[in-house]
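Accompanying notes for the structure given below.
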Amino acid sequence: MHRSLAAWDHAYLWHPFTQMQEWEQEEPLIIHKGKGSYLIDTEGRKYLDGTSSIWVNIHGHRHPRLDRALTAQLGQIAHSTFLGLSNPPAIRLARELIRVAPKGLQRVFYSDNGSTAVEVALKMAVQYWQQRQPTAGTKHSFLHLKLAYHGDTIGAVSVGNIELFHARFKTLLFPTLEVDPPYCYRCPLRLTYPACHMACIDPLESLLKARHRELAGVILEPLVQAAAGMLTAPPGYLTRVRELCTKYNVLLIADEVATGFGRTGKMFACQHEGVTPDLMAISKGMTGGYMPLAATLATEEIYHAFLGRYDEWKTFFHGHSYTGNPLGCAVALANLDIFRREKTLTHVRKQTKLLARLLRPTASLGHVGEIRQCGLMAGIELVQDRTTRTPYPLQMRIGHRVAQVCRQGGLLMRPLGNVIALVPPLSTSPQELTKMVAILHRAIVDVTEGSASPA
Ligand SMILES: *Cc1c(COP(=O)(O)O)cnc(C)c1O
């Protein structure tokens, strides 16, 4: 089976974020099955899923409850449109999402992936201000953090800022305002928490003060800027941004696509600080990693601004073919159900402590600059020189090389430049977590201390 699949992959496919010239020269790893924290390839080899299949898997692969929810829904219907029709799983899921979401979020608008959930939030914000303050037609732009990642569609790229992903498409993007993120390890002022706190917030406040009349919203990834390299914000940062958004009458849009569904130890990262955003984008963990599904949650205040007679044209003119997909919603309902039944958040808090303990020896390695962790999201920043914090040149692909050695050891990883991101399924057992960190530690030693041959 493997040989012909590998040939067809090379002949017909174009993989995301992948240099295909390189891909075509390598034997593709083809995942055939999964079970719990493990992925199994077409040759029968087992690998620990160190990225939760890029941050989507929650309760492990082939969880019986999720499998059952999906097959049960298939016995009813796979899909019907959400334009002008509704369906039971989508209705029930909306109610459950509002139950677990930060208090004050009251409405669920479905879409299919994190990028579209962000696009929806941006469009809602702009239209909201047009209808709330018809004279304030100038409230149309966004403020975001540098190094932010909000997805790959054009609007999401506009409010993002990872140079490597975005530079090429500059001509397509709308203008935005940007401020430096709280990236304490690379703080230009070399301040440490809590002295740094105001220094980090000040530029954001100045911009809000000067430009709030044109700003529809501030968008950020609460607590952890994930794709940027698991940059963890200092405590209170989010609270302060919320206060400033309220003070300057600008919407706060929380992109919880990566942090949502327990990854940080609470259902949503905003809940660590008791913050309610005005709009919240969710996706990745929503179906436990089973189906593509997303939602944008809004306050009743925002929803109300869209009500009116048909010919007032306040309708939110946005939708997708698969909006409210019953299969996705059914499995998302089961995903939330497992959180309650298996006390997933309690398990995550225990595993968070274990992970911190397991990573301690790694933190003192000669080329580990910093380890950042929030719940079960961890980033290990590798540096060429620890004293000067000099990064490895990107072309050295140090992260990629570490990931390759991990793979040989039976752990699948995907680096973020020089940062190794460990994001295990929330259901990972203490033994599995211990094994993941052991493989990873060994790989970092091998690659950075030179005993592994360069890729
Ligand atoms: C992954 C991600 C997105 C984009 O989600 P897709 O489903 O890949 O479109 C948006 N925001 C954040 C914070 C993400 O991590």
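Note that Cβ sites are derived from N, Cα and C of the backbone, with glycine treated the same way.
Predicted automatically and left uncurated, TrEMBL annotations should be read as such.
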Exercise. Which of these, D41, D49, D180, D255, does TrEMBL list as part of the pyridoxal 5'-phosphate site with G114, S115, H320, S321?
Worked result: D255
Exercise. In the structure shown, with every protein chain counted, which of the binding-site residues K284, H320, R414 has the densest set of Cβ atoms within 10 angstroms of its Cβ?
Worked result: K284
Problem set entry | By Cα-Cα distance, the member of binding-site residues G114, S115, D255, H320, S321 nearest K284 (substrate binding site) | G114
Seminar exercise, completed: Restricting the binding-site residues G114, S115, D255, G319 to those with Cβ under 6 angstroms from ligand 1 leaves G114, S115, D255
Exercise. Using Cα coordinates, what distance in whole Å links G114 (pyridoxal 5'-phosphate binding site) and R414 (substrate binding site)?
Worked result: 19
